[in-house]
Amino acid sequence: LKRRIEIRKIFDSIDNDGSGTVTIDELDEALSRDPQLSNFFSSKIPSTSNLFSEIDENGDGEVNWTEFLTFLERIESSTDAIVTEEDIDKFFSKEARMGFETESYAQDIAIELTIFNDELYSTYMPPSDTRVSLEPENKIVVSVSTSPPDAAASHVRDRGLDQSWLEAVTREVRKAVLYACEKSVDTMNEAREEIGAAIREKGGYILGEEGTFLSRVEAAVKAKERKAVEEEEAKEALRSLPEELQGTGYEGDAEIVQFLKN
């Protein structure tokens with residue numbers, strides 16, 4: 001199941017417009033912009049020159065998820081062509097190299113649309129839900145920037161629904177986009193609260209330590225001043241040594257002078 005989900009991610013990375021199908025232009029663009037993807041296929045099959053036609057079983061000019069999965073299962077009849085976890089890890093390691101954001105406040109929402117007794121029902125779920133990857137036919141993933149009319153029209157067309165459902169689907173997609181906006185705002189507010197709490201905590205610590213810090217500074221200044229006075233007194237004492245040694249019999253005795261200096 002995990003492996004199948006990861007293969008679905010590879011399919012989705014080629015499907016630029018999120019239509020659920022891949023055209024030859026999308027495949028060519030993906031292969032040209034991503035050497036990792038090109039290497040992925042070239043390591044599994046002898047030649048990629050007719051790759052699209054090999055995947056497009058029914059020859060309709062579009063590759064759907066089932067055709068893509070079937071193609072991989074077919075080429076895996078050779079042991080050397082099995083898609084391993086190492087292959088998948090290498091493929092998705094490109095996300096770090098491309099500088100993908102590790103955290104985003106914008107929250108996507110997956111909406112499942114079910115028609116029952118001539119009524120349209122919608123259910124929300126996280127885009128990471130396994131059902132979104134493995135059962136995409138009646139799912140739509142929306143973001144804060146999704147156009148409800150376009151997404152609804154694409155869904156109605158791809159599922160082969162009667163155009164009479166377009167208005168209802170558009171309405172449900174619009175509600176899902178608004179929900180995605182609300183979730184995104186909640187995420188931003190939560191992050192703002194966390195940042196604010198951290199700043200308040202750090203500010204409180206600084207204010208609490210201010211007295212201690214100032215006392216330490218004051219003590220250091222006084223110590224420096226005291227040391228300066230002591231050094232000046234020591235210098236004055238050294239300057240008076242020759243006079244003090246007069247008549248003691250130790251004039252010029254370097255050892256005694258050094259002892260007194262110490």
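Glycine is treated like the rest: Cβ placed from N, Cα and C.
Keep in mind it's a predicted model, so treat the numbers as computed, not measured.
The domain 'EF-hand' (2-37): residue composition by secondary structure is 26 helix, 2 strand, 8 coil, according to DSSP. Among the features that TrEMBL reports, domain 'EF-hand' is placed at 2-37 (among others).
According to TrEMBL, the feature domain 'EF-hand' maps to 43-78 (among others).
TrEMBL lists 214-241 with the feature coiled coil.
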For the coiled coil (214-241), the mean pLDDT of the predicted model: 78
